[in-house]
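Take a look at the structure set out below.
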Amino acid sequence: MALCNGDSKLENAGGDLKDGHHHYEGAVVILDAGAQYGKVIDRRVRELFVQSEIFPLETPAFAIKEQGFRAIIISGGPNSVYAEDAPWFDPAIFTIGKPVLGICYGMQMMNKVFGGTVHKKSVREDGVFNISVDNTCSLFRGLQKEEVVLLTHGDSVDKVADGFKVVARSGNIVAGIANESKKLYGAQFHPEVGLTENGKVILKNFLYDIAGCSGTFTVQNRELECIREIKERVGTSKVLVLLSGGVDSTVCTALLNRALNQEQVIAVHIDNGFMRKRESQSVEEALKKLGIQVKVINAAHSFYNGTTTLPISDEDRTPRKRISKTLNMTTSPEEKRKIIGDTFVKIANEVIGEMNLKPEEVFLAQGTLRPDLIESASLVASGKAELIKTHHNDTELIRKLREEGKVIEPLKDFHKDEVRILGRELGLPEELVSRHPFPGPGLAIRVICAEEPYICKDFPETNNILKIVADFSASVKKPHTLLQRVKACTTEEDQEKLMQITSLHSLNAFLLPIKTVGVQGDCRSYSYVCGISSKDEPDWESLIFLARLIPRMCHNVNRVVYIFGPPVKEPPTDVTPTFLTTGVLSTLRQADFEAHNILRESGYAGKISQMPVILTPLHFDRDPLQKQPSCQRSVVIRTFITSDFMTGIPATPGNEIPVEVVLKMVTEIKKIPGISRIMYDLTSKPPGTTEWE
């Protein structure tokens, strides 16, 4: 069956062997093992003017050879090569004489096929690391002996296959292998993402020097392609577009306006009650200036009281469903997103009804982007990507509409930076094109809702590990079984750096009793947050180092924050009951307004890709003896720098953003009633996602 799948996919894509034409002559095939970054590989290859096509991992070798592909790239994936459900592939892909680059899981597959072994190590690597490379290897030609790369894996190569040599290392972990004579190369890291500083050079070396690609493939005018697709799909029907006022939905609407007659486009802005301060008014004004008439609907009440249908339980595989709690009583991030997505569609249907439009003659248009679909594991984007979180515009109901062919997503193959370029080409004003993204569910996913603390049986042991890490210079003098675990998970270089940091600074690190969404090893994680506090002024470079190190040692931690103010003496072990109520939302709305106002006035808004401001149910600085209840909440500032929103880094104060700008935000937010402490998110993506939910 796998052979049939691979064959039919290739034939349907337009390769015609009967008349002797090889549609993919000189192109590269990307075999998709279910990576979160599969589409980024595709984009990076095309940026280098080489045609690329994505096909299932099980595509047979003979089909690749017959179609004339010049080289093969195998993506990463969430599986283990030894897992019973590991995806099937044709091992002959390595022996048909085509150059192969195996990335992450792809490297482990290659090593296993040729007799090497792969093991799950005690160390996870999720984040940015320095690796040593052999720059005499063709893949790494022109690079330094040490390179900064993104690693995200738990399995590691143990025994290297015969005929292969190690060409890159991350401490004692194999980060690259090569068999130069067979033109087979493996990278445990991700050269396709921006966090790998010279990733583009590595891909260029593979495509041009190793595979001999010619670089004649230039991207066609995608604007015309989008317009052609819209006209073809819609015909004389009408299109309802739900406008948030963000870049994506605005560019989508501008494209629809360009492709269709004005009376065919119905632009609706739904105020869901989770907008930023004065957001709806400014959206309406900005779009009117573009000549787009917008119908604004205040639907806050419908959203607060919205429900959806859910499976009886995660384990229940039957079609039985249950009705969810109302949104204002829901704490689960997944359920919140599903309710919001479904309520959006219900209101859209009501609008269609009020306007006496026939539902079968109306399409729903969305500004959905490629990363949204990849993170939701939608089949449109990737056959196998592991679910990280449901995007509000990719719920079950919307998937059903998509199956019926009633959803138009002209930007589904675009990444955020490409949408901005397209927006400029369409003549949209710069302030609209360059504004920070704001998620469709709005502030609803920036409130960490909780009724009780998140404390599992691993809480005390993880706290003990964090204590050892934060006081490493003293801990090494007192032997402890957990100290050996810390040492086993770190390189000598890491340990030296830890010694240096903890000798100079008085730090304490501990778990916070909440959980947030992250992405670790191409899989979704829903894990603890680690808080760090200190009596010293923050040394941001050291804090960023700790934020990279801690999730590697503690796989149940996917986020690390610095807590402003005096050292936290008694970390909270309970939470302030928090739901999406009007009071909670107005607190967050004000905090978000203050932080973004200061960022805008500083002139640094353009240097930061996005800055979610998050409200958490944490009340610090209470005397446990007085048994004071938890009634305040704390705010997190999450700066994020990225080119594609698939990976990214926090802005380091004193580097990408002035320290005084951050401190001004802290001062102003602290004035808001009911705020306990302010925290700064130090986490890269991975292991933490851009948003906390």
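Using N, Cα and C of the backbone, Cβ positions are placed for all residues, glycine too.
Note that this is a predicted model, so its numbers are computed, not measured.
Here Swiss-Prot flags A2 as N-acetylalanine.
The N6-acetyllysine feature in Swiss-Prot is assigned to K9; the stated evidence is a large-scale study or a structure entry.
Taken from Swiss-Prot, the feature domain 'Glutamine amidotransferase type-1' applies to 27-216, supported by sequence analysis.
Marked as active site, for GATase activity by Swiss-Prot: C104 (among others). In the three-state DSSP reading, C104 (active site, for GATase activity) counts as coil.
H190 (active site, for GATase activity) falls within neither a helix nor a strand when secondary structure is assigned with DSSP, and so counts as coil. Positions annotated as active site, for GATase activity by Swiss-Prot, on the basis of experimental evidence: H190 (among others).
The active site, for GATase activity annotation in Swiss-Prot covers E192 (among others) and is backed by experimental evidence.
Confidence across the domain 'GMPS ATP-PPase' (217-435), taken as the mean pLDDT and rounded to a whole number, stands at 81. Residues or ranges marked as domain 'GMPS ATP-PPase' in Swiss-Prot: 217-435.
The ATP binding site feature in Swiss-Prot is assigned to S244, G245, G246, V247, D248, S249, T250. Listed in sequence order, H269, V283, G367, F438, G440 are the same-chain residues six or more apart from S244 (ATP binding site) with CB atoms under 8 A from its CB.
Residues or ranges marked as phosphothreonine in Swiss-Prot (evidence: a large-scale study or a structure entry): T318. In three-state terms derived from DSSP, T318 (phosphothreonine) belongs to neither a helical nor a strand segment and is classed as coil. Other Cβ atoms within 10 Å of the Cβ of T318 (phosphothreonine) number 7 in total over all chains.
According to Swiss-Prot, the feature XMP binding site maps to R337, D522, Q610, K685, E691, an assignment based on experimental evidence. When secondary structure is read from DSSP and collapsed to three states, Q610 (XMP binding site) falls in the strand class. All chains included, 18 other C-beta atoms sit within 10 angstroms of the C-beta of Q610 (XMP binding site).
Taking all protein chains in view, 22 other C-beta atoms sit within 10 angstroms of the C-beta of G245 (ATP binding site). Here H190 (active site, for GATase activity) is positioned 29 angstrom away from R337 (XMP binding site), judged by their C-alpha atoms. Minimal Cβ crowding within 10 Å, among the binding-site residues S249, T250, is found at S249. The binding-site residues under consideration are D248, E691. Their Cβ neighbour counts within 10 Å are lowest for E691. In the three-state DSSP scheme, G245 (ATP binding site) is classed as coil. Most Cβ neighbours within 10 Å, among the recorded positions H190, R337, K685: H190 holds that distinction in the structure as shown.
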